[in-house]
Amino acid sequence: MKELRVKPGRIRTALESLGAIGRGPSGGLDRTAFSAADREGREWLKAAMRSAGLAVRTDEAANIWGLRRGEKQKLPPIACGSHIDTVPSGGKYDGALGVILALEAARVLAEHGVSLRRGLEVVSFSAEEPNGFGLSTFGSRAAAGKLKRSVLDGVRGPGSVLLTDALREAGGDPLRFEEARLAPGDLAAYLEVHIEQGRRLEDQGIPVGIVTAITGIYREEVTVTGEANHAGTTLMRDRKDALMAAAELMLAFEAICRDAPAEETVGTIGRIANHPNAANIIPGVVQLHLEVRGASKEAIAAVLDAWRERAGGIARARGVRLQSVTLLDQPPVPMDGLVAEVCRRETERLGIAAVPLGSMAGHDAAHMAAITRAGMLFVPSIGGRSHCPEEESRLGDIEQAGNVLLHALLALDRQL
């Protein structure tokens, strides 16, 4: 089957065609979940699936599935895809590339008359990106049985639109929402191609990454309580300035994360609130939102342990109190070893350079891993840019990842 190859011109045309839907004046895409542009993108995808000979259906969570039937219909199919919704003013590769490459693989198989033992499901999951309804990775979590019908109740998004109405308009069914759930064994495997959204592959000059795990994410809110007082009459030695303490805490956190042994361990303080936030009052209370991401629980724990020890010392020295509330503790999700090994073997056989690496962002594959063997392939992002109009990947890299995907699907069909 080595002669089978994806067609880069057709991939480029599909990316440009879908990438024209929802384009705003800034050049970015505003195809956010359940928006009018998202619905237009869905219609484009369903038409493209039908033209590829796939049997198209939309499930209760508005996930779009396109099935290429296999020879043995009793065998569970292999699924492949990603999502087509975007962040506001996003790029045309994030998510869409994975769906288009899955569609391209199905086209190539059909053109060459190649029959698989198993069916091939091309899937686009609903609402992967954070959105106005407050439910990211919505479709894949529904498919994995992680969402109950009650999550829809009373939720409103942009323009006060009810989520139930938006879901129904996208082809879903709010009343039967939980029927979107797939049981373990319903799929033989799930494989997703995605842009890296970082610079590691580009820096190494490697066209394909084989994902080993999807990052764990820990978030907490830290409240620093000092003492509000007059900014003019309180001597420096008498101050318990919550904001200055917070500044020292933030720099200490950054230093700890920079010193972490694994480069895939990163930390961010992305939100800060200062009270009372007045020019002539020493800050009395500051709230920080702290996040740590890492490829292992141990890596995240090591950063948090070092941070808490350092933070305690800073608080004592400055006479402030610290209180922490955990907001999210999502463990890393390892990708399936067999799927990763199949991808590695196919890159080697095809003569395509590839490296193992962890995903530093969340993806639908993290939820699919709860119900089936899941794997991911990464394509380099030029300049590491993503979630912006400048997001781009080279067509040559996309072509190589597409060929790895195509042959990995063939190998998985033989092996599973």
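Cβ atoms are placed via backbone N, Cα and C, with glycine included.
Residues annotated as Zn(2+) 1 binding site in TrEMBL: His83, Asp94, His194. Its Cβ placed at the centre, His83 (Zn(2+) 1 binding site) has 28 other Cβ atoms within 10 Å.
Under 8 Å, Cβ to Cβ, and six or more positions away along its own chain, Asp94 (Zn(2+) 1 binding site) finds Thr86, Val87, Glu129, His194, Ile195, Gln197, Ser386, His387, Glu391. Annotation source TrEMBL lists Zn(2+) 2 binding site at Asp94, Glu129, His387.
Taken from TrEMBL, the feature domain 'Peptidase M20 dimerisation' applies to 215-312.
The annotation allantoate binding site is assigned in TrEMBL to Arg219, Asn280, Arg293. Within its own chain, Arg219 (allantoate binding site) has His289, Leu290, Glu291, Thr326, Leu327, Leu328, Asp329 as residues 6 or more apart in sequence whose C-beta sits under 8 angstroms from its own. Under the DSSP three-state reduction, Arg219 (allantoate binding site) is assigned to strand.
Cα spacing between His83 (Zn(2+) 1 binding site) and Arg293 (allantoate binding site): 23 Å, rounded to the nearest whole number. Regional average pLDDT for the domain 'Peptidase M20 dimerisation' (215-312) in the model is 97. Here the binding-site residues are His194, Arg293, His387; the one with the fewest Cβ atoms within 10 Å of its Cβ is His387. Shown in sequence order, His230, Ala231, Gly232 are the residues of the chain, 6+ apart in sequence, with a C-beta less than 8 angstroms from the C-beta of Asn280 (allantoate binding site).
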